[in-house]
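Asker: The following block contains the structure, expressed as structure tokens.
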Amino acid sequence: MKSLKDRILKDGMALNETVLKVDSFLNHGVDAQLMYEVGTEFKNYFMDHGVTKIFTIESSGIAPTVMTAIQMDLPMVTLKKQASKVLKDDVYQTTVHSFTKATDYELTLSKKYISNEDKVLIIDDFLANGEAALGAIRLVEEAGAQVAGIGIVIEKSFQPGRQLLMDKGYEVYSLARINKLGKGIIEFVEE
Ligand code: G4P
Ligand code: NA
Ligand code: NA
């Protein structure tokens, strides 16, 4: 997605070899117009995948996912990153390890918001090691539903997430794929 890549080059900042800061349009400030275009891209790609629901993970996945859900005219669910305070029987829950942040959290989905007939598109802002996406997949499959695909705004292709998900048979569509980061360096995968 050209406008996204241009924006990453203009406003993104590589903090080091692994972390790209995009606070001005995705993680803190949110460029709603750009997010709308992100939604259009996901819609065009996933429109024939039989998607019934779109899932994301709080919090930075929400903006691009809302924009996709509104254009695909589908319901959206935000997976929570904390253990449910209500009855355990009412939720699906799985532990996710974040390598980037060196912490574990409980990814939680109320049983009310999924059925075994759903085909779920999972959208997130970043794909690094793939642990968040794998956690979301576990919740979907525990409910007996299917994963329709995974949509990512920014993929760090030099980290193992994409390959891990593809090896397990999931389709991954990323709008910007980054090959290399470094001080003052942002390089995309040639496509
Ligand atoms: P993984 O799911 O692919 O394994 O990623 P990981 O746990 O390592 O990522 C932890 C958090 O860091 C996630 O956000 C993820 O979006 C974010 N992240 C990973 N790499 C980068 C990066 O290069 N730049 C930026 N800006 N963020 C990155 P989070 O803290 O869990 O949630 P939120 O920001 O959506 O609230
Ligand atoms: Na995120
Ligand atoms: Na984030």
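Every residue gets a Cβ built from N, Cα and C, even glycine.
What TrEMBL records for this protein is below:
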- LEU20, ASN27, LYS156: xanthine binding site (BINDING)
- 49-157: domain 'Phosphoribosyltransferase' (DOMAIN)
- ALA128, ASN129, GLY130, GLU131, ALA132: 5-phospho-alpha-D-ribose 1-diphosphate binding site (BINDING)
Asker: Other than LEU20, ASN27, LYS156 themselves, what residues in this chain have Cβ atoms within 8 Å of the centroid of the xanthine site's Cβ atoms?
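Answerer: Everything else in range on the chain: GLY12, VAL19, LYS21, VAL22, LEU26, ASP125, PHE126, ALA128, ILE154, ILE178.
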Asker: Measure from the Cα of ASN129 (5-phospho-alpha-D-ribose 1-diphosphate binding site) to the Cα of every one of the binding-site residues LEU20, ASN27, LYS156, then give the nearest.
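Answerer: The smallest Cα gap between ASN129 (5-phospho-alpha-D-ribose 1-diphosphate binding site) and any of the binding-site residues is with LYS156.
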Asker: For the binding-site residues LEU20, ASN129, GLY130, GLU131, LYS156, which residues place their CB under 6 A from an atom of ligand 2?
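Answerer: Close enough to ligand 2 is none of the binding-site residues.
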Asker: If you count Cβ atoms within 10 Å of the Cβ of ASN129 (5-phospho-alpha-D-ribose 1-diphosphate binding site), leaving out that atom itself, what do you get?
Answerer: 16
Asker: Around the 5-phospho-alpha-D-ribose 1-diphosphate site formed by ALA128, ASN129, GLY130, GLU131, ALA132, list the extra residues of the same chain whose Cβ is within 8 Å of the site's Cβ centroid.
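Answerer: Here the non-site neighbours turn out to be SER98, PHE99, THR100, LEU127, ALA133, LEU134, GLN159, GLY161.
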Asker: Is it possible to list how many residues within the domain 'Phosphoribosyltransferase' (49-157) are helical, extended or coil according to DSSP?
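Answerer: Taking the domain 'Phosphoribosyltransferase' (49-157) as a whole: 29 helix, 46 strand, 34 coil.
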Asker: Indicate the candidate from LEU20, ALA128, ALA132 with the smallest number of other Cβ atoms within 10 Å of its Cβ, considering only these binding-site residues.
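Answerer: With the binding-site residues LEU20, ALA128, ALA132, fewest surrounding Cβ atoms within 10 Å: LEU20.
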Asker: Determine, to the nearest whole angstrom, how far the Cα atom of ASN27 (xanthine binding site) is from the Cα atom of GLY130 (5-phospho-alpha-D-ribose 1-diphosphate binding site).
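Answerer: Checking the Cα atoms of ASN27 (xanthine binding site) and GLY130 (5-phospho-alpha-D-ribose 1-diphosphate binding site) gives a distance of 18 Å.
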Asker: Here are some binding-site residues: ASN27, GLY130. Which one has the most Cβ atoms within 10 Å of its Cβ?
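Answerer: Its Cβ has the most other Cβ atoms within 10 Å: GLY130.
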